[in-house]
Every structure is written in C-alpha cells, then in structure tokens.
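Some features that TrEMBL has for this protein:
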type     : residues           : note
ACT_SITE : 141                : active site
ACT_SITE : 199                : active site
ACT_SITE : 222                : active site
BINDING  : 262, 264, 312, 317 : Ca(2+) binding site
DOMAIN   : 133-225            : domain 'Transglutaminase-like'
C-alpha cells in the first residue's frame, strides 16, 4: 500500500482532499466544447501515472529553452510551480523549442492526425519520445490544455482544464475585439483579432509569493500558442483573482487573459474598394460566457464564470473594465477612424435573430427562421443579404455553403419570420470536423442604420453506445460491446473504432468495421483485462467517411 501525505507547507498544498483526488490523482477528465448556445463535452484520458509518462515529463523540462540557456538556474527553480508552469506552457507547444505538440488551425491535417481524433495524452507524449522528441502533429487548444494537465498532475501540481465560450483573442492588447463584415454579410478575415466559439486553457493551484496571499489559489496557464510573452509562446501564470479585479499589470499575461473573458466587441461593415469601415454596433456582454470545468468527483459541468468576472453588464463589471483600461493607459484613447460616441449609441430601427426550427444533427437538413421586428411606428423597407459558411471552432471561414437575398417591408411594430432550409447535400462536403456553421444576415434598412444578425451553429454527431457485458474484475477478461447505427440514407465506409482507458487497456485498441448500409447497425465486441480496482473510464472514438470523431465514454467499476 502507498500512503499519500499532503504537506501543509508546500506551495501547491490544497486543503480539500476531494479536490486533491480530482486535480492531482484522477487520470480521467471531461473537456467542454461547442458554443455558448450548445455546450458539448468529451472525455479525455490524462493517464499521468501510466508507463513512463514521468520520465517523459522530465525530458520535457530538460529540452526547454530555459534549460538550454542556463541549466543550473533552470534546475534550481524547478521547486517553484510558478516557474515550472510558465516553462511547461511554452514546452507543450512546438513553436519555439521543438516542444511536444504542433498546432494546426488550417482545417487540413495531412502528415499528422486531426486534432479532434485524439482521446488521451499518453499517445501524444509517447509519440513525442519515440520520434526522437519531434513535435507531434497536430493539436488545437484542448489538446495543448489536456497535455499540460497530464504533465502538471504528473509532477504533483493540482491542475484542471477550463473552457471559455465566446473567447476573445485580442491581438493588440486594447481590450477590444474588432470583427469585419462585407455588404453581403460575409465575415472578413481582416485584422488579427478574433472570437473563438470556445477556448480551453488550464488552471493550476499554487501560492503566489511574488504577488501576495490574495493572489494565490487558481492560476491561469495557457499552452496554446496565440501571442508571444517574453519573446516566446508561453502564457501565465496569471492569478485568477487578479483577472477578476482588473489587475492586468501583474505577472504574467494578465492583459491577454482579461481580454479573453471580458473584452468588448466592435462589429464593422468594411468596404474593400474604399477602405472605409462603418460601425454596425458594439457589445460589451459578448465575450466570456459559461466558463466551464469538470465537477469534483462527478462527470458534471461546473460554471466558474463568476470567478473570472463580476456579473456581465453590472456596474461593478464595468468599473473593473475601466480600471483595466486605465492601468494600460487606454482610458482616453479612441480609434480616430471610429464614429463619434453619439453615433455608436444610435438605436437601430429593427431587430433580428435566427431561431432554430429543427434538430441540429449531421446528416439532416438545417432548418432556421430569420425573425425580423420593426421597432418603429412607421413602416420600414429592409434589404437582407444572408450567407452560411462552414467554420472552424475559431470561427475562421472555410467553405461557403449557402447565400440568399430578400427584400421585405415591415409594417409599424410588425414581426415577420422567414424560413431558411439548408439541405444536407448542400453542406455535407463543406462541413469541417468541428461541425460548425456561421449564419449571418446583414440588414440594410432604408434611411436607417445597418443591423447585423448572426448565429454560430454546432451540429451534433449521431450517438454511439457502450455496454460492459458482465462484471469487471482485476486481471479477468470482460467483454465490451459498442453499437453504432448509420442514420443517413447512404452507405458509410472507412469505419474505425479507437478505444483507450487507463488501467483497462494497454495502449490504444484500434478496430476496423465493415461498411454500413443506410440505417444499418454495427455491433463491435472486444475484451478488456483491468489491471487495477476502482472506477475507471473507457473512451471510444468512432470515425467514418461521413462522420468524424464521434466520441463517448463509460465509467467501468472494476
């Protein structure tokens, strides 16, 4: 038997035993994804105590730029979780130092694995070692965060993944994100700012002796390479308490993290012929929604938004935002090309929204309603340009799916609904593995200001089911059955089932499944031999030519 003693004087001491179990010892986690209107989740096998993961984690530290530049100083600082977290946030990405994972947000993943196909950190870390420490292809934010969780938990630092919905990437540090649209309603790739459907980073628990006791506790670390800090792609640790209070001048990277959860959004119409931009509207409540993490001891979602900021739109939240701008010297700086304040506050004549009119599932037609309402007491004529694009989860446009234009007259105070149908064959070949579609309607009101209506839509994959056929016991075989039904009216092929789970399987099991005709069900059985008792998690990932990375997990009580 191994007895674990948590030392009260340690910088990473966490007084709650259940939290120690979750954030240090637990090898399974849940990562939240999707968008703020439709939060999804998937399991992840952190596997921090499997095989030679500890040796690999030590190798990561020995290959950092910090170690290569000054080995003696680097080693002497490895007792400090603040230092270690910053070093490892750089080393988990490959941008500066031949680190563990190479990022790829192009939508094309030749020569490597689609980031969505990973189900655990072990395969990534083992691949990095076996290749002679060459970056593993490819990762996106949740992969970087999951690998960093594995490494930090392995080293005894309490760590968890955090998902921020409608997450801002403020490239110029002005706490404002600018989005541009053309006259047709197409979202333009102009400027370095962006808003992602979601972004995943880490929190680690330790004291901040450099800042003072009130800034100890959860610290934000982010291994996704977005902006350089100190000349390399690293981020944090930023005290979560400092972020909530607008203390953006404190170490490290407080400005960037504050903007991720609380930047203001400015939406512009841009004329590429003249270079003129016209403000459509601004919004201070768009960024940082439903900030989520896994519950302690349960497979549920916990909302931690209030730990990052005061209630959105409240006087306190606005005061903190102004405080942050003041600390950055921005309180009196405005964009000279922006409209005057009275123009910004001009009220629109109409309002609009997209409503979902049917289930949002891959393989089915997409049915929406564009709802327009005249807010004025006189009739309004509106010319509407609509588009739908497949996007990555970063909202980068990939393929145009559909477009249409309508001209409508709205009687005083009238509301009208306009049905939109995008058929499965129209979007099937255009959809990315993120299964995300952005629909926009740019409404040109005669003798009025423009109104932008947009919605980011996430399509669900069909379900996959796991059953454990019998009682799971240590060193005894138990059969597992996985079932999948093809929901579309055409055959699916190139079907692959990938299975992993700490203490349930050695490595990853990959099974080929024959093609499935329309509405045909597949039943795949395989055997497990658990190596340890207790609650364990089995993770399954199913892919075929029409559906990518259908994930599920099941708790197996051994």
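Cβ atoms here come from the backbone N, Cα and C positions, even for glycine.
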Other CB atoms, at most 10 A from the CB of residue 141 (active site): 28
By Cα-Cα distance, the member of recorded positions 141, 222, 312, 317 nearest residue 199 (active site): 141
Mean predicted confidence [pLDDT] for the domain 'Transglutaminase-like' (133-225): 95
Cα-to-Cα gap, residue 222 (active site) vs residue 312 (Ca(2+) binding site), nearest whole Å: 24
Residues near residue 317 (Ca(2+) binding site) in space but at least six apart in sequence (CB under 8 A): 262, 309, 310, 311
Under 8 Å by Cβ from residue 264 (Ca(2+) binding site), same chain, sequence gap 6 or more: 175, 176, 177, 282, 283, 284, 286, 287, 321
Integer Å distance between the CA atoms belonging to residue 141 (active site) and residue 312 (Ca(2+) binding site): 25
Cβ-Cβ neighbours of residue 199 (active site) (radius 10 Å): 26
